[in-house]
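Take a look at the structure below.
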């Protein structure tokens with residue numbers, strides 16, 4: 001029996017460990033400057049791959065990421081599994097009922113948003129194959145169809161992430177974008193199945209069979225399976241260990257569906273995506289089960305897959321600026337224009353239609369996955385692949401900020417974003433609230449660039465109008481400050497309690513001292529609501545009083561989980 | 001670059017999906033008859049492997065589980081990763097402080113419990129090599145050392161599971177058993193490192209280096225690393241996305257530690273186990289992060305690994321009854337006697353010492369993992385491997401019931417165990433509590449084998465003594481019934497509320513009608529406490545009122561999670 005030997009096991013574990021660490025690290029760095037994490041993850045792969053490490057230290061690169069042999073095969077098996085699981089999670093995020101509900105608008109946006117970039121991509125690849133990087137030998141029709149699909153497919157997981165970040169995931173507009181993206185992706189995958197059929201990559205099945213089975217499978221997965229799963233889940237939860245029964249069921253279903261679509265000649269991920277849609281539809285799937293799968297997959301498997309993209313090609317050697325620019329312009333213009341016109345066609349006002357257009361323009365993950373496959377099948381050159389990856393990255397970067405600007409949205413602002421380490425007091429010295437205001441004003445003055453007396457006077461004034469004890473041991477003395485650029489939140493703990501005249505008569509132990517700019521009227525309310533929400537559970541408040549440093553406090557609040 | 005082709009991807013996904021489904025299914029079946037799930041998981045592998053499927057349908061077996069090629073290598077890579085992750089979870093379960101605290105007793109039990117079976121195993125393998133299945137060509141010293149180790153190593157994950165099931169995991173006795181098992185496993189792995197060194201399997205490093213590096217690494221992982229990780233975790237949680245930062249950190253650490261121990265010449269799982277111990281020690285590791293890793297690994301990766309054991313050998317062809325019996329007797333007698341004497345040596349009373357002896361006797365998982373490695377290195381024959389697996393299964397089966405009998409323990413009893421589908425009323429008709437008692441008595445009579453009037457009279461009597469509304473919309477009318485063999489719990493929902501004279505004056509909406517045997521005085525209290533605990537959260541009670549069938553109610557209670 002073929003097994004990995006000692007050397008291969010060592011290299012496999014080492015390369016996985018290093019790649020995961022690098023991907024997570026750069027993913028976090030990307031996030032910290034407000035970019036999508038996936039950008040950092042792909043960058044980690046480019047650093048560890050032939051582009052950087054391979055050029056700087058070829059021996060180490062060859063040792064860590066061998067091109068042939070058991071280690072390479074095992075690594076490929078793992079990244080295949082990783083992307084299959086990632087698509088399961090992406091599928092689970094789809095709200096099937098919302099798709100049906102927003103049917104008409106979504107249909108317009110999805111179809112028009114697909115048709116225009118598809119037409120542009122096809123025309124360019126068919127009449128100007130050289131410009132689009134067509135390589136001699138690759139079948140021209142399949143190539144043109146592929147470029148058309150790659151330029152017109154959306155990136156559901158990225159889109160969902162951006163909408164959640166903007167807090168409009170559950171709004172009508174958000175649901176429309178998601179529904180249209182789902183339709184878009186399903187159509188895109190069907191076209192891709194046809195392309196694979198044209199290439200004869202469908203495992204020997206005739207193209208007609210592939211298309212027929214794909215349609216049948218898709219239909220079953222959107223109708224019969226969601227119904228059957230919804231009925232099966234309570235039974236599974238009632239009669240098996242929790243959550244082992246449901247986890248095993250979900251993952252087996254995902255793997256078997258993936259094997260089926262791979263067998264009929266379209267890629268495995270199509271099956272796992274639809275399995276995810278069918279599973280995610282059931283309200284009997286517990287939130288806890290959902291997040292267990294989602295967190296493990298999004299933070300372990302997905303980074304490994306996206307990092308592995310950078311391992312495949314040398315991004316510097318195969319970078320063609322003209323091609324990249326062409327692909328980018330066609331993708332962006334086609335998708336934004338098409339989706340916006342689709343939105344108008346469904347009767348939406350211009351602003352909403354344009355917002356939807358930008359929302360649909362993120363073409364990250366799915367485009368890359370298609371590219372990886374097309375590269376494997378020899379349909380596209382490494383140069384085209386590189387330009388597709390760059391196009392995917394750029395469109396994903398633009399989508400969020402553009403939507404925000406067009407729809408005049410504000411990101412949800414959290415009080416933690418305005419904390420300063422020097423404004424944290426582990427044990428407050430003050431004996432009553434007036435002393436406490438003095439104590440905080442001393443700390444706040446250098447941070448706010450204001451006089452201590454001014455700050456103290458303003459907060460005292462506000463406190464005299466109405467006490468700021470909000471109950472449950474929380475108090476939020478606050479004031480607006482002229483000339484302040486950014487809100488400022490100071491935190492202090494007083495385990496002995498300070499009376500703040502709260503409605504429930506409990507003394508305050510967690511005290512937030514909040515200064516906001518004079519001209520931003522909304523932010524004060526947002527911060528107060530966020531604080532009340534964050535500390536509404538008793539274990540959270542109790543854990544909070546037990547922290548021993550600012551870092552521990554921050555860790556507690558960011559994770560939103562008591563010990 | 002070597003990648004898996006279309007056929008290999010199909011087979012890999014199909015075999016993984018089928019194996020996972022079979023392993024989880026049989027695991028659940030085993031659990032449902034009160035056996036450890038791991039037994040069912042191994043059985044699934046035996047069914048899918050050469051023993052059954054290979055004999056019945058050789059073509060299908062060869063298609064699903066090819067012995068050579070990309071698919072076999074990728075499969076091996078995945079099961080290696082699976083066992084590495086499983087040991088991470090096993091390590092995280094170790095309570096390092098408890099190990100230090102119960103130091104003296106644990107040292108006695110661990111050492112004596114290791115020494116006796118080790119001596120017995122070594123003596124038998126050294127002087128009676130034929131009886132112990134020694135195969136010509138295998139180095140005799142290494143073989144004897146291996147058999148000694150395999151017969152003396154504990155099965156930490158199984159032991160932890162059994163102690164949790166018996167509800168004594170956090171008791172002094174439980175902690176002693178776990179601490180002793182940890183010591184036992186660490187020693188066992190060190191001896192195993194020496195054996196691998198003797199075999200020259202240590203990747204070219206001299207044996208001395210291997211032992212030295214192993215000791216150094218172990219020491220670091222038990223002292224410096226837990227300290228450093230405890231300090232790093234708050235920082236990671238404060239400054240990275242939650243829980244992605246911690247998950248990525250934990251998994252990277254695990255993979256890198258595994259790669260390191262594999263490189264120095266002992267197996268990868270030793271590194272991931274110690275990484276787990278170091279990680280699990282920190283109180284800053286959130287319970288949520290812990291369970292996310294634990295659930296995904298225990299219910300997806302572990303079943304895949306344990307099922308893959310059955311794929312490796314033909315259990316019927318290589319079953320040697322005499323060898324199996326010898327191994328079993330030596331392992332059981334040596335371990336139980338040694339640990340019991342160790343407990344006595346530390347000054348424990350006989351009963352406790354014997355309980356600890358039986359607790360230590362579970363020799364499941366670790367023994368099998370050692371066996372897999374020894375088989376790979378050609379140190380033991382398939383016959384010995386089969387006898388080790390059977391020994392592991394039998395000892396794991398005996399340990400729990402034996403401890404229970406010796407320590408006179410009772411398993412925690414839950415009210416769900418006494419529910420009957422026919423005793424569930426989705427909408428109660430009764431208008432007050434007296435009518436309700438009648439309504440339930442009608443349902444209970446055929447289940448209890450008693451007259452309706454008798455039951456109703458007893459419950460009414462009890463209700464008149466003191467009302468059984470316990471607040472929060474719960475009521476628990478109950479009575480003891482002479483001649484009842486098993487407790488009986490009926491459940492009814494009354495969304496309109498029925499007055500049960502509760503301390504908080506709220507009408508009862510969730511009503512539990514409880515009949516217990518006359519002579520079992522403890523069970524009534526246990527059931528009442530369990531009901532109050534299960535429904536103490538408001539979301540849980542609200543979800544409960546919304547179920548539409550008995551199965552949904554059961555699913556809700558078993559998962560313990562509101563929608």
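Just so it is clear, glycine is given a Cβ too, placed from its N, Cα and C backbone atoms.
Bear in mind that TrEMBL entries carry predicted annotations, made automatically and left uncurated.
Of the candidate ranges A:266-284, A:418-436, TrEMBL annotates residues A:266-284 with the feature transmembrane segment. The list of residues near the transmembrane segment (A:322-341) in space but at least 6 beyond its ends in sequence, with Cβ under 8 angstroms from a Cβ of it, reads 109, 112-121, 124, 131-133, 151-152, 154, 180, 353-354, 356-361, 363, 383-384, 386-388, 390-391, 394-395, 398.
When each of A:63-94, A:141-163, A:241-260, A:266-284, A:384-407 is checked for Cβ pairs under 8 Å to the transmembrane segment (A:296-316), A:63-94 comes out on top. The transmembrane segment (A:384-407) makes no contact with the transmembrane segment (A:207-229), as judged by fewer than three Cβ pairs under 8 Å among residues 6 or more apart in sequence. With DSSP classes pooled into helix, strand and coil, the tally for the domain 'PTS EIIA type-2' (A:417-560) is 64 helix, 37 strand, 43 coil. Only pairs six or more apart in sequence are counted, and the transmembrane segment (A:241-260) with the transmembrane segment (A:63-94) gives three or more Cβ pairs under 8 Å, enough to call it a contact.
The average pLDDT for the domain 'PTS EIIA type-2' (A:417-560) in the predicted structure is 88. Long-range neighbours of the transmembrane segment (A:353-378) within the same chain, counting only residues 6 or more positions beyond its ends whose Cβ lies under 8 Å from a Cβ of the stretch, are 36, 38, 42, 83, 90, 109, 113, 137-138, 146, 149-151, 153-159, 162-163, 173-174, 176-177, 180-181, 184-185, 188, 192, 196, 199, 201, 267, 269, 306, 309, 312-313, 331-332, 335-344, 384-385, 388-389, 391-393, 395-396, 398-400, 402-403, 406-407.
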